[in-house]
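The GTP binding site annotation in TrEMBL covers B:Asp29, B:His30, B:Gly31, B:Lys32, B:Ser33, B:Thr34, B:Asn145, B:Lys146, B:Ile147, B:Asp148. According to TrEMBL, the domain 'Tr-type G' annotation covers B:17-198.
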Amino acid sequence: MAGPLPIADPAPADGLLPASATTDAASRAFGVYLHVPFCRVRCGYCDFNTYTSGELRGARQEDFADQAAAELGFARHVLAASGAPDRPAATVFFGGGTPTLLPAADLVRMLGAVRDAFGIADGAEVTTESNPDSVDAVDLRRLADGGFTRVSFGMQSAVPHVLAALDRTHDPERVPLVVGWAREAGLDVSLDLIYGTPGESLADWRASLAAVLAERPDHVSAYALIVEDGTKLARRIRRGELPAVDDDLAADMYELADELLGEAGYEWYEVSNWATDAAQRSRHNLGYWRGDDWWGVGPGAHSHVGGVRWWNAKHPAAYAERLAAGVSPAVGRETLDHATRETERILLATRIREGVEVSSLHAGGRHAVAGLIADGLVDARTALAGRLALTRRGRLLADAVVRRLLED
Amino acid sequence: MSPRAAAPPVPAATDPALIRNFCIIAHIDHGKSTLADRMLGITGVVADRDMRAQYLDRMDIERERGITIKSQAVRMPWQVGDTSYALNMIDTPGHVDFSYEVSRSLAACEGAILLVDAAQGIEAQTLANLYLALENDLEIIPVLNKIDLPAAEPEKYARELADLIGGSPDDVLRVSGKTGMGVEDLLDRVVERIPAPTGDADAPARAMIFDSVYDSYRGVVTYVRMVDGQLNPRERIQMMSTRATHEILEIGVSAPEPTPTKGLGVGEVGYLITGVKDVRQSKVGDTVTTAAKSAAEPLAGYTEPLPMVFSGLYPIDGSDYPELREALDKLKLSDAALVYEPETSVALGFGFRCGFLGLLHLEIVTERLRREFDLDIIATAPSVVYEVTTEDKKTVTVTNPSEFPTGGKIAEVREPIVKAAILAPKDYVGTIMELCQSRRGTLLGMEYLGEDRVEIRYHMPLGEIVFDFFDNLKSKTAGYASLDYEPAGDQAADLVKVDILLQGEQVDAFSAIVHRDKAYAYGVLMTGRLRELIPRQQFEVPIQAAIGARIIARESIRAIRKDVLAKCYGGDITRKRKLLEKQKEGKKRMKMVGRVEVPQEAFIAALSGETEKKDAKK
């Protein structure tokens, strides 16, 4: 099952936000995240909030679009009543789970609900995640026609034994097909990879990268596998059925990815993300790193507005009950104090290419900069120009860099 | 009918002929406290409803471990025929570390019950205390306990005891402290066999202090055995070692709660309260006399307690240093053998160099600091006292490896040695001899006790014993071997100081004085342990062992290459921040050695030998 929710204050039933959250909202971009918590099978490594049909305890996939629409209506009311200015969604992102397990019509209907609630900005980025085996040419065409601009395929690997270790069911041969259909439909394409899977060799990884580059996607994500407590993968490693993940090998893989992607014209803009140019960067995900506002719709979804974070009931049935009762689906929230917001700002901004402004750091953080340059973790030239951009080595040690920047 | 005394003798007016002073000699878990409790119940001094298990052991730690650290004395009435007697049971500490206190307790008695578990037979520490009792000319009453156990072999161990102290196996009493079986016979036997005390009632008062206990409400309670004369309430007394005088505010007997009396006469055992606040003013072994009519000669046998083992105690959280100082000051009030002085370690910060009677004493003190004072502390590797003579004929007493003179000008190093006695089933003789030989032991002799158990005696450096010898002995003999040792002078030895360096910085907490032949092994052991225990840093960290400037062993910790969480959990920034906070919290528990972050746990584990693999994943 998914990891525990953070410990925090209970969320108010009316969902209303403090004035501090909305006063300068006009200066921040606004996005909508829709969490579709369904999967055909649960992958062994996954600890996301998602459910297979047997785990739904009466919640029904076919009701989900209406529930999401209900939460969006609630969201519009809360933001307006809390004094937030009207902001059309600059980005919309359907994640999961597997959003494309729902019929394309449902996804389009949910997007319509976003439009009804907030409007959708001109040139907005509208993405859905998808598994290569859960869409076909017709679905992709319907999504594009319905307003989607981008699809992010969970390719993970091109190597069968790696896909098997991850419990991924798709045939790697299908990836070129779905990429072709997405392009024909006029969608931008991202391919998502996982590296560091137990049993995956550097050669396997090189093969996956080559397969990605052969498709020339607009965007590539490459995430190091995290063995989360409580997952089947963690149990299999503990029992010795699979080898433990070697961090040094994962570092080699990251370096290889950055090298090959760089040579092919992709530029990193976040620790785990590369794009062909600035226009192809995922604006929705950048919103997370930049501290923008977003409303997360769906079970277990997280939201952030002006330093207030909250999260919804995890189980689809509990989520649906709350909405039906007319109360906020949120079960916990926290209002960040100034110091915590600063910590998060540095934690998040350090990971992206534009980085943290040196002048925005407190004394201890500024003091750490020289050491970070000396250790080859931040780029010297950029630092002298006033921003901290991680080097390749720095990206691999980003958490350590953040800790040093936050030292007193 | 219960033989409880109808008219118990009154303290201060008891004919010495009606007094019996005895103690119980037993190994840690052979049931001494249970037997003592049973005696309290049977003689009626503790009502059944007030009985709590191990009544006499006051401290939590004692009760938990089932060992007695502080002795006490209880006066119990007992009737044999028509005569009522006063039995004084003096509870002795059971462990070798407290052998001086044991010897003073024994000196307060005329007899001893030798209590042995009928399922286990005699153990080394019991033998050592038995020797002490025989040296003090005590009458020995051999007793097998726990005869109700299914595993009991009373015939076998009765023969073993008879072999050991003479007499017939039939003389060995069989009791069960748990059920009370045989305990009344034992009390009768005490009256019958143990001689009454003798002394000169008209001579100046002389009383021997056999225990001194700090009580936070009453100050120091001094337990004495009267030899000559009499002590009375309000009288001024004098401690013969220091000539200090105090007024007796209260005098009495333990029954077993403190019960004031009109005084104490020849042969009696009881307590004094004078209002002093520190057990050092009332030292075990000292002689108490009256200020008005002082005795000419103190009783024999007094010595100052001498620390044998030293260790640095450091608070894990440096800001607890003042609390640690306060806690040690408080412990000192009740523990005359504890000595300490401030010490600074590069790696561990501010702490105290503490001297202990032995390893158990060290363990008890650190445990009390943790439990009674809620302090998290690290104890450095125990060290013994070395006398180092330099070539310019200066002698330095080294209780801490950091005091070891450097620069190759050493003429001689003398180390303390002990006479060690190990008792074990005969099958383990080879293993034990191998272990002792590897610790530079010299065989003194070997004797069979009964059919299948052997006592092996060795001369060994104390420094070898304090360095995990006992753990090794236990693990190599499936826990069967028991160990006792006593100081046996010193010897010259080829000893060197091995330093451990992290990225070129010496980590003083890991320096050790070892025999030259063992230096390499120690270096390899410690560098290997640290390589496992210290997490990878952002740079490579060499770990070296060195004698002076000469490197004898080397390991290195490769630089960490990946320390980043790849994903952002679908906007769950809170989770990511909590992870960061956890990482930062973890960092607070790190000590910096130069630029190297060393977790506290690594120090503790390296010092205790509990090497667990550091967590490989981030």
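One is the number of the first residue shown, and numbering goes on along the chain from there.
The backbone N, Cα and C atoms fix where each Cβ goes, glycine too.
Automatic prediction, not curation, is the source of TrEMBL annotations.
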Task: Taken over the domain 'Tr-type G' (B:17-198), the model's mean pLDDT - done: 84
- [ ] Would you pick out, from the binding-site residues B:Gly31, B:Asn145, the residue whose Cβ has the largest number of other Cβ atoms within 10 Å?
- [x] B:Asn145
- [ ] Around the Cβ of B:Asp29 (GTP binding site), how many other Cβ atoms lie within 10 Å? Please give the count over every shown protein chain.
- [x] 16
- [ ] Ten-angstrom check, please: count other Cβ atoms within 10 Å of the Cβ of B:Ile147 (GTP binding site), all chains counted.
- [x] 22
